[in-house]
Amino acid sequence: MKDTTVPLTLISLLADGEFHSGEQLGERLGMSRAAINKHIQTLRDWGVDVFTVPGKGYSLPEPIQLLDADRIHSQLDSGNVAVLPVIDSTNQYLLDRIGELRSGDACVAEYQQAGRGRRGRKWFSPFGANLYLSMYWRLEQGPAAAIGLSLVIGIVMAEVLRKLGADKVRVKWPNDLYLLDRKLAGILVELTGKTGDAAQIVIGAGINMAMRRVEEDVINQGWITLQEAGITLDRNMLAAKLIYKLRAALELFEQEGLSPYLSRWKKLDNFIDRPVKLIIGDKEIFGISRGIDTQGALLLEQDGVIKPWMGGEISLRSAE
């Protein structure tokens, strides 16, 4: 990965939303205006909108709040949280270090160069706009005990966001958060471990907070940001609250499985009792969503018969 020191220093100087001349920035960083312009282009490549106004210099459309390790740690009583300005993927960062991690260790990033979603899809991750968070957990009972884990993560994230004012956030089976029927956040659970061994789990989450411009071919479904819904949250506070609540939820999940979460899912289910379609490969199955069963499988009603559906290749969409 190329050195990102200069662009990161630039973004910290521009974060106040004021104009800064190329000359001033060059003096601060000990380089020419032409060199500054080159690094500004790197910021644009990261998805940052930088305005250039002749005679005034460079500015961001509005101030941005950068992630701060000290502020996050000050709200937690234990565990490690790495703050990574630029990374390929937060999940990959933890997967690469799995031998040195303790349950509950986490990382957050400003920008993911290769963020990924379910089924290997690319996850669009512009700099400083959203919250990208991953956490490690060792599940002693093994991989089979992880069934339903993405549902638990979704419930906890939705409950945290609702308490902070985003009270219309809901969950979508098996791994998304929805707001006003559009995707607000995605969850990716990756695990390694053989039957009989402990499961090494990395949980990743991306929450759309204030996404700026986006190419339509990058995101293949309707999406929304908290900002668009009129909700502004402190990213450092949100990261700390999510990490705290997820650690507690994973301990409970280890002891009691999915059962403490079933009624909580029902209250938050975006598609309960609504017409939906399941996409399995190139096949579409239509029915009425009736929630989840005790294993976390989706319950789909067709012609008065309710059947559970489970599997990594199933997508759920509204059929309304």
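Backbone N, Cα and C define each Cβ position, glycine as well.
The range from 22-41, 102-121 that Swiss-Prot describes as DNA-binding region is residues 22-41.
Per-site Cβ counts within 10 Å over the binding-site residues Ser89, Thr90, Asn91 peak at Thr90. Every protein chain considered, the tally of other Cβ atoms within 10 Å of the Cβ of Lys183 (biotin binding site) stands at 16. Note: the DNA-binding region (22-41) comprises 17 helix, 0 strand, 3 coil (DSSP; helix = H, G, I, strand = E, B).
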